[in-house]
Amino acid sequence: MKIQLIAVGTKMPVWVKNGFEEYQRRFPKDMPFELIEIAAGKLGKNADIKRILEQEGKAMLAAAGKAKIVSLDIPGKPWTTEQLATQLESWKSDGRDICLLIGGPEGLSTECKQAAEQSWSLSPLTLPHPLVRVIVAESLYRAWSLTTNHPYHRE
């Protein structure tokens, strides 16, 4: 199983890139974890937000292909580390690749939300989308460590 994090935004601060890559490199070879960045629409004073969201959404769904889509969205289901570990095992046994979608400053398009087979809420708080990349990478690595009895996760 391959895990893809499809995120809107291509020019992230160095700390985001470094934080994501720190966890990405820790994943085992049999569970590659990759980042696909989608260019963000141009937001300005007269920007057509609906059109921008639609364009970003189409690009995200095209990148996802036939993989199982999991959206990251506030109204989604919150998972504990243990529940995420169970999800990870379930996804592995399903045999499909997984695509996790992170929207940009305006969120996810309606099409992305509808295409998602699951929706995951990291927090009821609105989080900056660059930070979400790092949180998701760490959370997935922690969940993997729990499933393999790796000492990273401590209770």
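A Cβ is built for glycine as well, from the same backbone N, Cα and C atoms used for every other residue.
Just so it is clear, the model here is predicted, and its values are computed rather than measured.
For the S-adenosyl-L-methionine site, Swiss-Prot records LEU72, LEU122, SER123, PRO124, LEU125, THR126, LEU127, and the single candidate of GLY95, GLY103, GLY104 listed with them is GLY103. Neighbours of LEU122 (S-adenosyl-L-methionine binding site), defined as other CB atoms within 10 A of its CB across all chains, total 18. Around PRO124 (S-adenosyl-L-methionine binding site), taking its Cβ as the centre, 8 other Cβ atoms fall within 10 Å, counting all chains.
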